[in-house]
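These notes are about the structure you will find just below.
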């Protein structure tokens, strides 16, 4: 949804790559990224064909998964700005490919006549905004030392793509350099290499209706904020609502089992404390108050390092049954 260009890059090159590999193998020579033919015979068309369609299904699979993960930039920037980035990165990486090949031959004496085919330069260039603008959120830890974040899988896919060929490191390096140049505010490349407005309108009228997708209806609708902070805030609010609904359902089950009433004061005591000025005058009696949950001092210390007070951290951990992630999300929301 809201990423027709990413969808077209996912479907069309992948379909052509599969057809060339399985059915039309005798046409693969026209999509080879042959540098010798480009430099000596001036077959410029090989730049377009060789740098668009992958001839290796492993590269096709990895690059498609990366494009799918990078669709967030089209949703954030818009299709025109996203296509401008891809166009600029494609043109810059083509230039850097030739320069790196000449430098490799001059320094190491290695003659490189061909490089891996595919839309790999712009894909590697997208790692630059992915690293700089996508927030890093820890998901879990392996062996207590190695952090697994929401970005780990994308980096693993990039590493897999990087190790799939002998000279693919040239495409990766040229893509990263082109991404840095395009994102640089000093070089102002984004003002020169961009898709004209009239071209964007033509593609919007012709191709966008074909590759556009309907908005999902089986999920909770969450509006997309204009900045990363707003998007993170929206996700936190959704998570907070889900947590509260799950705790309400748990209390209802306990009421049905025990035959008692729901003790609403147990639902997030900090919320009652912060939003009710008379909270101190209406505390529940000691008979209705359950025994306090034992809280780890280490988790209290981690919350205090984030800037929360000890009292708020203690109450949040007790209300969330000593769950650090739930307590952190609740404190951020209230």
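Cβ atoms here come from the backbone N, Cα and C positions, even for glycine.
In TrEMBL, annotation is done automatically, which means it is predicted and not curated.
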Transmembrane segment per TrEMBL sits at which of 31-55, 56-80, 106-130?
106-130
Please identify the range among 253-274, 275-296 that TrEMBL labels region 'Disordered'.
275-296
Name the residue range among 82-100, 196-214 that TrEMBL annotates as transmembrane segment.
82-100
Look up transmembrane segment in TrEMBL and report which of 6-24, 215-233 it refers to.
6-24
Identify the transmembrane segment range according to TrEMBL, selecting from 167-187, 314-334.
167-187
Considering only Cβ pairs under 8 Å, which range in 6-24, 82-100, 106-130, 167-187 makes the most contacts with the transmembrane segment (142-161)?
106-130
Which residues, given as numbers and ranges, are at least 6 beyond the ends of the transmembrane segment (106-130) yet have a Cβ under 8 Å from it?
9, 13, 17, 31-36, 50-56, 59-60, 63, 66-67, 70, 73, 85-86, 89-90, 92-94, 97, 151, 154, 158, 161, 164-165, 167-168, 170-172, 174-176, 178-180, 182-183
Other parts of the chain folded back onto the transmembrane segment (6-24), taken as Cβ under 8 Å at six or more residues beyond its ends:
31, 52-55, 57, 60, 64, 67-68, 70-71, 74, 82, 118-119, 207, 211-213
